[in-house]
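Colleague: The structure is given below, and queries will be raised subsequently.
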Amino acid sequence: MATPTAPSRVRRQLPTSPWLFAAPGLLITGAFVLHPFVSTVVNSFTDRRTLIPGHFVGLANFRELLHDDMFWTGLRNSTLYIVGVVPALVILPLLLALLVQKNIPGITFFRSAFYTPVVASIVVVGLIWVWLLDERGLVNSLLETVGIGRVGFLSDQWLLLLSAMAVTVWKGLGYYMIIYLAALANVPRELHEAAAVDGAGPVRRFLDVTVPAVRPTMVLVAALSSVAAFKVFSEVYLMAGPSGGPAGEDTTLVMLVQRTGTGLTGRVGYASALSVVVFVVTVALMLLVLRADRKEES
Amino acid sequence: MSVLEKVRPRQEPVVRELRVTDEHGRRVRVWELVLRYALLLAVLALTVGPFLWQLSTSLKGPTEDIFGSPPEFLPSHPTLHNYERVADTIPVWDYALNSLKVASASVVTNCVGSALAGYALARLRYRGRGVATLVFVLAMLVPVEGIIIAQFTTMRELGLNNTLIGVVLPGSIGAMNVLLMRNAFRNLPYEIEEAAYVDGANVWQRFWRIALPSVKGTLAVVAIFAFMGAWDDFLWPLIVLSDPDKFTLTIGLNYLHGTFANDERLVAAGTVIAVAPLIALFACLQRYFFRGVGEGAVKG
């Protein structure tokens, strides 16, 4: 592999060109990621609105957060989302990867088919499930046919949240399956053979050979999926509606950001404070998962 | 000779039946194979079934019962009528065109921008390269959802809210794509470019003629994920677009669902229009999709 720094002979070139190469990327990133990030933090200390510049108000927005029931509802739902979605997304795609790992005839078709939900837009996926879980939809028709009766998946506050979680898991399965497949390919077969010789059955081999071997990937999946779960917006927005289900009880934190901060009367300052919370929790989650990983390893 | 001839017909069917082997070249037992296929089919029904149900609903005419119990899986008189009706209800083809514009623009800007920046980070030496790299690494760590309000106010200040340009701009050169390209360029052997330099090629020629053709695979990954990301995006266009003329497909579908929630056939037709192009793209370019997951996950 080449050394990261170029030999000095190649160094002589038009002095402006490196910056010309990097300029578009730096400009876009600066203007639409880093600058908004800084101004989010700055705005969170102001009472800025969409059409009104606003003044410095210190920690007033954050104090208001603590007394805002909707904030706590959003925080609760976004946190519940992690609890509900992450274990499923760490385990189910791994089992799925084991299922599609063997090169049996037609397996590439199955792998691709299982990936289809990942390719589809979350809006398409959300609307498909809104129809499937409708009071008169397919799932309820089937439940009625087998004699269970119809269930209000999309009218009960908790069932709605659970349904949205199920949809998130359904859409994520194929993505994490591919990540696991790459990891499984690196598990040395000698380990499996040795375990088999020792008389370990499939379950034992899974727990004693596969799981330890793909543990780093499981941590990665846990980190990725928990961050994504905490920032959930579209699934719940589509299934519970823009106002967040019955009495807004299914509102998530990002839904609250979107509802508070947009439009002509948007409270940019307060929404920015909410965004700062989203950002802090996201970073904390990453650090938490990585730390839990290190602790367990040592 | 005669022995061989006698053995062969008896052996061949058996071998063919059990030729299925696992990734280690061992034979897979028949009962295990049956179990595997049964499970695969069950998962297939779960993952692809909902799409097919949506397709089936969109093809059912107004007289067909779509709510029946037990349900009818196939339309008894398939019709494209709902697709005509969805076009009468919302300008769905205009929305599709808007989505196509946004997605194509995103492909071009991401490919050009991240290839250039990636090359600058990987191959060129200049003061401030470390800082430039850091800018992209930091940008990758910022959750979009956390800065979306500030992005919206930035767009307002630029007068680009409610335009398709405003939809494209924030994701037009993704930081992760820049870093993907940087890694791809760094993995190229240096000697080839050095030889070109000796032959008098300037930096643009080295980039365009030598480096870029060697990283086509990664560039394809960037292109596909830029297309998919822009075509599928929901939250940002929802915030930045307010004028129904400018809607992309995802926003139009959300609008259709909100306005005509009781006409499932229409919504189904709309979703099929939105998802079909991507499924076709995926069917043609699968390996790049899978490769993108691998590279993205390791870097992200």
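For all residues, glycine too, the Cβ spot is worked out from N, Cα and C.
Automatic, uncurated: that is what TrEMBL annotation is.
Pulled these features from TrEMBL for this protein:
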- A:75-289: domain 'ABC transmembrane type-1' (DOMAIN)
- A:19-38: transmembrane segment (TRANSMEM)
- A:80-100: transmembrane segment (TRANSMEM)
- A:112-132: transmembrane segment (TRANSMEM)
- A:158-183: transmembrane segment (TRANSMEM)
- A:213-233: transmembrane segment (TRANSMEM)
- A:268-290: transmembrane segment (TRANSMEM)
Colleague: Among the recorded stretches A:19-38, A:112-132, A:158-183, A:268-290, which has the greatest number of Cβ pairs closer than 8 Å to the transmembrane segment (A:80-100)?
Modeller: A:158-183
Colleague: So what's near the transmembrane segment (A:268-290) in sequence-distant terms, Cβ-Cβ under 8 Å and 6+ beyond its ends?
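Modeller: Same-chain contacts beyond the flanks: 39-50, 54, 57, 61-62, 64-65, 71, 74-75, 78, 82, 219, 222-223, 226-227, 230-231, 253-254, 256-257, 260-262.
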Colleague: With the transmembrane segment (A:158-183) as the reference, find which of A:19-38, A:112-132, A:213-233 contributes the most Cβ pairs under 8 Å.
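Modeller: The stretch with the most contacts is A:112-132.
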Colleague: Within the same chain, where does the transmembrane segment (A:112-132) have neighbours whose Cβ lies under 8 angstroms from its own Cβ atoms, ignoring anything closer than 6 residues to its ends? I mean 6 or more beyond.
Modeller: 96, 100, 138-139, 154, 163, 167, 170-175, 177-178, 234-235, 237-239
Colleague: Which residues of the chain, 6 or more past the ends of the transmembrane segment (A:213-233), have a CB below 8 A from one of its CBs?
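Modeller: Result: 78-79, 81-82, 84-86, 89-90, 93-94, 164, 168, 172, 176, 179-180, 182-184, 186-188, 191, 252-255, 258, 278, 281-282, 285-286, 289-290, 292-293.
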